[in-house]
Structure formats: C-alpha cells, structure tokens
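One structure is given below, represented as structure tokens, and several questions about it will come after.
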Amino acid sequence: MSYKPSAKTEVRRNRYKVSVDADEGRRRREDNMVEIRKNKREENLQKKRREGFNPSMASQPGQDFSSSLPTETRLENIQQMIAGVMSEDRDLQLEATASFRRLLSIERNPPINEVVQSGVVPHIVQFLSRDDFTQLQFEAAWALTNIASGTSENTRVIIDSGAVPLFVKLLSSASEEVREQAVWALGNVAGDSPKCRDHVLSCEAMMSLLAQFHEHSKLSMLRNATWTLSNFCRGKPQPAFEQTKAALPALERLLHSTDEEVLTDASWALSYLSDGTNEKIQTVIDAGVIPRLVQLLAHPSPSVLIPALRTIGNIVTGDDIQTQAVISSQALPGLLNLLKNTYKKSIKKEACWTISNITAGNTSQIQEVFQAGIIRPLINLLEIGEFEIKKEAVWAISNATSGGNHDQIKFLVSQGCIRPLCDLLPCPDPRVVTVTLEGLENILKVGEAEKNLGNTGNDNLYAQMIEDADGLDKIENLQSHDNNEIYEKAVKILESYWAADDEEEDIGGVDAPENVQSSGFQFGNQSGNAPTGGFNFG
C-alpha cells in the first residue's frame, strides 16, 4: 500500500482549509451541542400555572358561577361571569373574577382560549389598579397569571391590555400575596419569548423584582421570585446585560439557599448571565459565585448540579485568568467526580466540554488537570463512552496536545490516548475527525523531536504506536474523505511522518521503476521506465 498523496489530493490542494488552531481550542457553546439544556425543568417550566388551592386571600365560593361544575357547564355560565366582572357591584366583581380564576385553575385543559375569546381580559386587567380592593387585585392577578401560562397569543392579549406595568406596580403592594402573584405573572409573561421578556424589563420590572429578596421573604415568594428572575435572564437574543447584571448580588446570596428549587433557578440564571463575552464572564466572577458553584457540583440533585456545571463551563470559555479562577476554587476534583461516577450522559458530556476548555489554557493549567487525576478517566470515556461523550472528550485530549509541552504530551501517550484517538478516525463527524487528527499530529511532532534528539534511535516511536493501533491505515483512508480539511490534514501527516518509509519501499522493490521521482505514483508491476520528470497527466 502506498501512503503517498493520491492524484485526487494534488488536485484538491488549492481548496485547502485551515485546520483547528490554538484560537479555536477554547469553545463557546454551540447551539447544536446543548442537549443538556433539554431537561424537563429547563424546557417545560418556562411558564407555570397556579392551580386551585385556596390561600388566605382567595375568595371562597359564595355566589359561585363555576365551582364544582363540569367545564362545559361552566363555559355556559361565562356570560353571567362577564356580567359580574362588568358590574358596578364590588361583591359581584370579586365573585365573578374568582369564578374566572377557578375556571382557569382546573387541573387539566383549562379553557384559556375560550376565556380570552370572550373579551373579558381587558376588564380583569383593570382590576389590577384597584388599590382600594386588595382581594380583587389578588384574584385578578391569579386569573391573568394562568392566562399568561397559555400560548403566545394568550400572553399577547395580556400585554396588549396593559397588564405588565400594573403587575410591576403591584410589586410594591402592601400585601405579600398580591406581590407574589404579580411576581408569578411577570415570570409567565417574560418566559413566553425574548420579545415579551424585553417588554417586561422595559417596564422596569428588574429592580422591583429584586426588592422581593430579603430576609423576611416567605419560601414560596423566594421560589417564585427566583424562577421569575431566571426568566428575566434567559433566552436568545439575550437581554441587555446592563439590565440583568443587577441581579448578580441577589443570585450570589440565593446560591446559599438550602432549597432545591431556589438553587436550581438561581443557578440557571447564572448560566444565562455567564454565557457571553469575557466582559460578562468577568462580571459574574466578580460577583463571587464561583466557590459556591463548585460546591454545587456535588449536589445530590441533577436539577441543581446541571446548571451549576453549565455556569462553570461558561466561565472557562473565558481567558486564562478567568479559567484560573475556576481552577483555584478547586473545581477539578468536582469535575473528576462527574467523570468517574454514574452520572447520565448529558452530565458527563458537559463535564468533558468544561475540561476541554481548561486544557485549552496554558501549560500550568494543563498540568493541574493532569495532577487532578483527570486524564485516565477522560481517556476511559474516549474508549468506552457513548459517542456524544467521546466528541467532547477528544477535544479535551486534543487541546492538551496543542497547548502542552513535550513532557505533558509524553504523559498523555503513557496514559493510553493513542489507540482511542485512532479508533475515532472513521467516525462520521468531520469535526471530530479533524480534532482527532490534530491531536495525533501533535503527538507525532513530539515523537519526531525525540527521534531527532537521539532518544529513540532512528525511529519515531509514536508513529509506530499509531501504526500498531491501525491508525496508519485509517489516516491513509482519509485521503479519499469528502471534507477538504480532513483529507489535507491526512496528507500532511502522511507526507511528514511516513513518506520516507514509503520511498524506501519503492526503492527496494524488485519491480520499482528506476527513474520515478519520489513524488510520483506507483501503479504496480511495470517494466517500462517512467519519464525522468515523472508522469504528465495533463
């Protein structure tokens, strides 16, 4: 078999793409990579509906237009309920609004669309201004909260009726239950879409929301306010950082809560705020959240662990100094634990992605990864992990070969990285193949340097190890790959580290043409001599 470049390779040289370089080693999160984000809490609870329990302020059934009746029957009463809302009688207003609230709070399939289509929403919104009638404000806020838990069209009706500024005003109500219900409603509106979120923020909701976090807040308020705060920070395009960064001091305090729901939503909020430029990352670091986030890597609940890991992963996409802030907070033992124990695929994948951004740092940071004992478990995942995990683990190893010194690369080889790297070469993901080739090339460079120093005789031992791992055949096969970047990288490696061996085989062969230049092509047994200038295919 000839390991020289094929004729196809020569034709394609002019379309060569630049391979992975040092600047690409540290990666921001790619949208198509973020499977971990698709957990139930993250995707399904952008909105929440309040069901029909009875807090102290909830109106008790009196002249109840809706309670204990089938939905169809209750819908038949909707005109009577609308008449009650539009009445001048305070008691009828309250009871009708409470009836709508109960109708919208049933457990399954609440008739939100039917209520919206009845045209009653703007009238209920007006009740939010009734500072003289706190109970009516509460019932109206609850009903509107549940309408806002519906479709985007439902939420648009709430916004178009002018409810958002009124909800923001209610955050200053003397009634904690009214304030909490307003918090919930704003969370549902903001959770609908980035456009709705930005509308809420434009109504100066952030500072009023942050005022709800104090030492006397009830747990239910803390839970709702933290969830709403996370909705204020989430979504792409991202909200204006000048508005959302004001939440950082509160989020730092919330991270020390013992409540799982509060911890979960506070951590998600931080993950959104840390997803961006180095300037944003630095602002998050300056808030002092890293030590507690590192502690949360050991939290027993995945719902807390996942966003904490996500935030740490975002921070290490920053520069070396920002990455060092994570390392210095003892994050590496926590990441090692995630690799070694029986966590689900998405967590291991995220941990590998985080480590890959640390190994994209300087040599001392790579050394700290080595000293933490992370490399062998990482290589183990490269050997036996699911493919989605391998895709991230190979980045971690390849980045270490790119930024590591010769001794560090020799250590990687001693830990058994060559064979699993070679095993990834036939994989269908071009990016993974490219990154794998980069890692192998960096290893081969060290092997060549050792040979030139006379430490390994006349042999590049790492080239031999790659050949023993069936890597040479796989690299040679990549010359026919459809991706220019891959096959050019394969050609470069073959020319640099195996061409001499191939030439010796040609020269020593019994039927080798006498005058074919080393850059020519061998076609098998030939008795005729080639032209001294090589074959002309023009």
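Using the three backbone atoms N, Cα and C, a Cβ is placed for every residue, glycine included.
The domain 'IBB' feature in Swiss-Prot is assigned to 1-58; the stated evidence is sequence analysis. Annotated compositional bias 'Basic and acidic residues' per Swiss-Prot: 7-46, in sequence order. Look at Swiss-Prot and you will find 56-69 tagged as compositional bias 'Polar residues'. Among the features that Swiss-Prot reports, repeat 'ARM 1' is placed at 109-149. According to Swiss-Prot, the feature repeat 'ARM 3' maps to 194-234, an assignment based on sequence analysis. As annotated by Swiss-Prot, repeat 'ARM 4' applies to 236-275, with the evidence given as sequence analysis. Look at Swiss-Prot and you will find 363-402 tagged as repeat 'ARM 7'. The feature repeat 'ARM 8' is assigned by Swiss-Prot to 406-445.
Structural setting of the listed features?
Across the domain 'IBB' (1-58), the prediction's mean pLDDT works out to 47.
Beyond the ends of the repeat 'ARM 1' (109-149), by six or more residues, the same chain brings 47-50, 57-59, 71, 74-75, 78, 81-82, 85-86, 90, 93-94, 97-98, 100-101, 103, 155, 157-158, 161-163, 166-167, 169-170, 173-175, 177-178, 181-182, 184-185, 188-189, 192 to within a C-beta distance below 8 angstroms of the stretch.
With a threshold of 8 Å between CB atoms, the same-chain residues lying at least 6 positions outside the repeat 'ARM 8' (406-445) that come near it are 19-20, 363, 366-367, 370, 375-376, 379, 382-383, 387, 390-391, 394-395, 397-398, 400, 460, 462-463, 465-466, 469-471, 474-475, 477-478, 481, 483, 485-486, 489-490, 492-493, 496-497.
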Could you give the number of helix, strand and coil residues in the repeat 'ARM 8' (406-445) as assigned by DSSP?
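Counting residues per DSSP class in the repeat 'ARM 8' (406-445), I get 32 helix, 0 strand, 8 coil.
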Using a Cβ cut-off under 8 Å, which residues of the same chain at least 6 positions beyond either end of the repeat 'ARM 7' (363-402) come close to it?
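Counting only partners 6 or more residues beyond its ends, the repeat 'ARM 7' (363-402) has Cβ contacts under 8 Å with 20, 22, 25-27, 35, 320, 323-324, 327, 332-333, 335-336, 339-340, 345, 348-350, 352-353, 355-357, 408-409, 411-412, 415-417, 419-421, 423-424, 427, 429, 432, 435-436, 438-439, 442-443.
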